[in-house]
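Colleague: I have a structure here, written as structure tokens, and I will follow up with some questions on it.
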Amino acid sequence: MTQVAKKILVTCALPYANGSIHLGHMLEHIQADVWVRYQRMRGHEVNFICADDAHGTPIMLKAQQLGITPEQMIGEMSQEHQTDFAGFNISYDNYHSTHSEENRQLSELIYSRLKENGFIKNRTISQLYDPEKGMFLPDRFVKGTCPKCKSPDQYGDNCEVCGATYSPTELIEPKSVVSGATPVMRDSEHFFFDLPSFSEMLQAWTRSGALQEQVANKMQEWFESGLQQWDISRDAPYFGFEIPNAPGKYFYVWLDAPIGYMGSFKNLCDKRGDSVSFDEYWKKDSTAELYHFIGKDIVYFHSLFWPAMLEGSNFRKPTNLFVHGYVTVNGAKMSKSRGTFIKASTWLNHFDADSLRYYYTAKLSSRIDDIDLNLEDFVQRVNADIVNKVVNLASRNAGFINKRFDGVLASELADPQLYRTFTDAAEVIGEAWESREFGKAVREIMALADLANRYVDEQAPWVVAKQEGRDADLQAICSMGINLFRVLMTYLKPVLPKLTERAEAFLNTELTWDGIQQPLLDHKVNPFKALYNRIDMKQVEALVEASKEEVKAAAAPVTGPLADDPIQETITFDDFAKVDLRVALIENAEFVEGSDKLLRLTLDLGGEKRNVFSGIRSAYPDPQALIGRHTIMVANLAPRKMRFGISEGMVMAAGPGGKDIFLLSPDAGAKPGHQVK
């Protein structure tokens, strides 16, 4: 089916320029790159861009700590980020920075248009001020309890638990992240974007098909609670763009960050000497398509503020937001101490990029589900699918073609009907790539790979090769196998760019989506070289070890005043000091399927979440009753792999056992994360 070529602009969320790229980041960039590569294969004009998010107080303070300028720090970080993305073969057409002249000009233009149209309001506000550091505190440098859901240890601009946004002054019991001091109130004039004026437009846009259903439903909750005016200014000292005609006032980082999409594209157009495309893509009535791939943690900014800013400044809105979930490793949050907080560069020191690209792709769908990188499953799947099913299909046929037929394939297909089965799958697989149902696409491709290998098994070319007078049959069978390999690799081309390059070199032809309609007949292939190597758990172990920032000593045995048990043998104070007891909030409690003794507890230690299995089910038949309670846990107990998952600590309880188990709780006033001394 012939497709009409489309003009498409694709972006990924801008990585913040104060830290390295890790495997959590890579999920989004791989997802977008696979989609972009598919679009290019179908003949569409795609511009794929990104940039570093380079402004804000965190950058300013970190540069001060390093003894360098913010400009120097973000320059070095940009080079590191670009190296990592190139290592994973992310095919960006341009990678820029929000700290650029293009972004400054566009930020000022959008601000001026919003102001001219009456959407910028000035008012004096009472703002939190750090008396020890002598500075107003940006949202992310104040932490406290969320005023909406009462979750502790939340930042001053939005809650990571319930997703609500609010002013830092609304936080309960705020603290300065910079000094730990309790902030004081000081007056300051600020500029506000009148978001409520766009409520009707945003509600219509929400239901226009521009958002996934899960996102649209979440936005409806925000509409029902009412939209608030958005503070878009920050006081000096601040690293960013100064607001025109407002000395000492700077654009809030979340105003100029999404404008960075426009700035990066403008930079690309200027590099090309193209004075037309920027307006063609960004004008109000543009027919080009604009897609933002983002994580679920920044939906609020991209689904409310960003389209409203564009609407109010006479630019086009996004065609769609493609939102994904988080990455866990081995069923738990990425952990530096366990070696599962893995940087992109560390991964590339131990594995190739295609392996992770394939694993993520096989697990992705159009939904906002979290993706678990199970390292053992990763090894098994890469070996089973890429090596055993796909690459093996080429290797088991290429030898005969090279040795017996000088690399020349047969002049006709041995099984045209089977080949047509493979090419007919292009529509289903293509639709899966298009709709971001990547896991479905991979399943369809691997089902074809099974079919291809079954054909080779049944035809047994290694047997035919030994039979006199069957050279033509041998050539036909192996040529069929190689043609099926070609179709499979064409379908996988968006996912496996490096393997594709090697396959194209062997096949002596470029792999194109439409090209598979014509099989390779009477065609000379090149001598076969190993296309892909098996991986093993030793590489995983080396990766994890390299990722560990520190190895924690095993926790000492815990003693306690259990009523019916004698006091244990005396220990030294130093022994006891090894045990790190912390106050924890029970965020969730549930039964463990397959166990009549355990409850699964989700604990909040004041910024870090832990998954703990506890044998207290007999005493707490209704686990929901535990939710919201504070308890005491051993926070530095080495994680323990259990049949049901990994337990990341131990909660403290007293009693002889059975129904007589009593979970310990701290006195009123203790907060999650407080150390028990």
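Just so you know, glycine gets a Cβ as well, placed from its N, Cα and C.
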Colleague: With Swiss-Prot as the source, identify the stretch among 153-157, 233-237, 333-337 annotated motif ''KMSKS' region'.
Modeller: 333-337
Colleague: Among 15-25, 81-91, 367-377, 411-421, where does Swiss-Prot put the label motif ''HIGH' region'?
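Modeller: Going through 15-25, 81-91, 367-377, 411-421 one by one, Swiss-Prot flags 15-25 as motif ''HIGH' region'.
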Colleague: Return the single residue from the binding-site residues list (CYS146, CYS159, CYS162) that has the minimum number of other CB atoms within 10 Å.
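Modeller: Among the binding-site residues CYS146, CYS159, CYS162, the lowest count of other Cβ atoms within 10 Å belongs to CYS162.
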Colleague: Looking only at residues six or more beyond either end of the motif ''HIGH' region' (15-25), which have a C-beta under 8 A from one in the stretch?
Modeller: 50, 52-54, 56, 58-59, 62, 73-74, 77-78, 80-81, 84-85, 97, 326-327, 329, 334, 341-345, 347, 356, 373
Colleague: May I have the DSSP-based helix, strand and coil counts for the residues of the domain 'tRNA-binding' (575-677)?
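Modeller: Split into helix, strand and coil, the domain 'tRNA-binding' (575-677) gives 7 helix, 46 strand, 50 coil.
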Colleague: Taking Cα atoms as reference points, rank the binding-site residues CYS146, CYS149, CYS159, CYS162 by distance from LYS336 (ATP binding site) and give the first.
Modeller: CYS159
Colleague: What is the pLDDT of the domain 'tRNA-binding' (575-677) when averaged and given as a whole number?
Modeller: 84
Colleague: Cβ within 8 angstroms of the Cβ centroid of CYS146, CYS149, CYS159, CYS162: which residues besides those meet this for the Zn(2+) site?
Modeller: PRO147, LYS148, LYS150, SER151, GLN154, GLU160, VAL161, GLY163, ALA164
